[in-house]
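Here is what TrEMBL records for this protein:
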- 5-119: domain 'Tetrahydrofolate dehydrogenase/cyclohydrolase catalytic' (DOMAIN)
- 138-287: domain 'Tetrahydrofolate dehydrogenase/cyclohydrolase NAD(P)-binding' (DOMAIN)
- GLY164, ARG165, SER166, VAL234: NADP(+) binding site (BINDING)
Amino acid sequence: MTHVIDGNAVADRITDGLEACVETLEAEQVTPGLATVLMSDDPASETYISMKQQGCADLGIESIHRELDPSASADDLFEIVAALNDDPDVHGILVQMPVPDHVDSTRVLRTIDPLKDVDGFHPENVGRLVAGDPRYKPCTPHGIQKLLEAADVDTEGTDAVIVGRSDIVGKPMANLLIQKAPGGNATVTVCHSRTEDLAAKTREADIVIAAAGVPELVDGSMIGDGAVVIDVGVNRVEVDTEKGYELVGDVEFESAMENARTITPVPGGVGPMTIAMLLYNTVKATAIQEDVSVDLP
Ligand code: NAD
């Protein structure tokens, strides 16, 4: 029987643990604050922001929201980020990506105070992760690490294949899995759009992590017997229903189930973990900046 990981249940367990941390902070008269900045009228970005705000509200984290018209100048955005950097009530800052083309997204990430960089994308935090001394682990890969742990998957000595080399999922996932630390010690192969014979790589893997943004790219024939399959993909595909679309992952769930030992569904797998780990980083950022010791879950 294939074990289907319940990402909502694992995420709930993390947020329960964070509740205790928020109480510890409150006892020291500290309320964590997360600032979100939106410079887009893309409905998906708006949805992600409101999910993050809801997560904050549920946990007693103060949300601060700043919105700019997509036609505003890059300098307007940098001024907002600078003001949030200086605001002592703000412990975490998240600029929702993508930003419009006329804004240099790399510069945006560099403008955020590294101590408030709860996405973990500032070069200082990326460097610390690569150097094996992470401060804020990027939310999606960190969430996957927690899912694997919750499903009793020991990564040590395994062959892991990651499909996708993005800065937000593929690369940091590879960095986490090769760390000489619990949840790491795997032998990692990172595949991408130029990889030849992807199926030959995934078939040999003990753990397949699909983060390509291609609907059902990985099917059952590409999964070795007894492998662990983590599906990061969230793809909107058109269907002939009233809603007009449905969300599918990067893995063809039904056929992958036939070979996998453990698998995550879409939705209800990795997605809820991404939000939970953002709240985790916000609590951690608050504890660091306010010099309060908390017992993170
Ligand atoms: P991206 O577009 O930045 O990167 C995709 C990567 O996949 C690239 O490195 C590319 O080389 C590789 N790729 C594309 N086609 C490929 C193919 N045919 N074979 C092998 N590799 C291929 O995407 P991203 O931001 O990393 O996101 C990937 C997917 O994960 C998307 O569907 C996104 O919506 C989803 N996502 C989900 C969450 C979540 O919380 N569930 C978080 C982040 C991203």
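A Cβ is built for glycine as well, from the same backbone N, Cα and C atoms used for every other residue.
Spanning the listed NADP(+) site, residues GLY164, ARG165, SER166, VAL234 have a farthest Cα to Cα distance of 16 Å. Taking each of the binding-site residues GLY164, ARG165, SER166 in turn and counting other Cβ atoms within 10 Å of its Cβ gives the largest count for GLY164. Listed in sequence order, LEU247, GLY249, VAL266, PRO267, GLY271 are the same-chain residues at least 6 apart in sequence whose CB falls under 8 Å from the CB of VAL234 (NADP(+) binding site).
Counted with DSSP, the domain 'Tetrahydrofolate dehydrogenase/cyclohydrolase NAD(P)-binding' (138-287) comes out as 55 helix, 30 strand, 65 coil. Counting residues per DSSP class in helix, strand and coil order gives 61 helix, 16 strand, 38 coil for the domain 'Tetrahydrofolate dehydrogenase/cyclohydrolase catalytic' (5-119). Across all of the domain 'Tetrahydrofolate dehydrogenase/cyclohydrolase catalytic' (5-119), the predicted model scores a mean pLDDT of 97.
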